[in-house]
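**Student:** The structure is given below, and queries will be raised subsequently.
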Amino acid sequence: MNYFLMIILGVLGAESRFAIELTIDNSAYPYGTLIINMIGCFLLGFMYYFFVEAKKTINQLVAVVSTGFVGSFTTFSTFELEIFKMFQLDQYLKAISYFFVTMLSGLLFVFLGYCLSKLIIIKRKENK
């Protein structure tokens, strides 16, 4: 069952990524990849607290969702290729800024996802 779910989530992640890439203009800056990776960071941060920290157990659902949906949705290799192309075009400042914006905002979005998940768990406990 978990493998089937992981395949379905993988297809959904790839489809979601493709849809976002089609709707965002990447000609001036690779915004599509940046947005996709930030959403993925947020989801992983959210799931980490929600399923792992809050329950103090590693849940198979986290592995299935992070490998299936988030794994096929996020784009580390595309991120690296885009930086490489910028260096080839002598766009050094753009490449370096893209690298740091992605790395720092990735950490921020993991943190935001984690905090939102923690807030939801706390509110649920208060309402019981």
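From the backbone N, Cα and C atoms, a Cβ is placed for every residue, glycine too.
In TrEMBL, annotation is done automatically, which means it is predicted and not curated.
Okay, so TrEMBL annotates it like this:
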- 29-51: transmembrane segment (TRANSMEM)
- 58-76: transmembrane segment (TRANSMEM)
- G71, T74: Na(+) binding site (BINDING)
- 96-121: transmembrane segment (TRANSMEM)
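Can you tell me where each of these features sits in this structure?
**Tutor:** Sequence-remote contacts of a segment are chain residues at least 6 beyond its ends whose Cβ falls under 8 Å from one of its Cβ atoms, and for the transmembrane segment (29-51) they are 17, 20-21, 59, 61-62, 65-66, 69-70, 73-76, 78-79, 82, 94, 98, 101-102, 105-107, 109-118, 120-121.
Beyond the transmembrane segment (58-76), the same-chain residues lying 6 or more positions past its ends with a Cβ under 8 Å from any Cβ of the stretch are 2, 5-14, 16-17, 33, 36-37, 39-41, 43-44, 47-48, 51-52.
When secondary structure is read from DSSP and collapsed to three states, T74 (Na(+) binding site) falls in the coil class.
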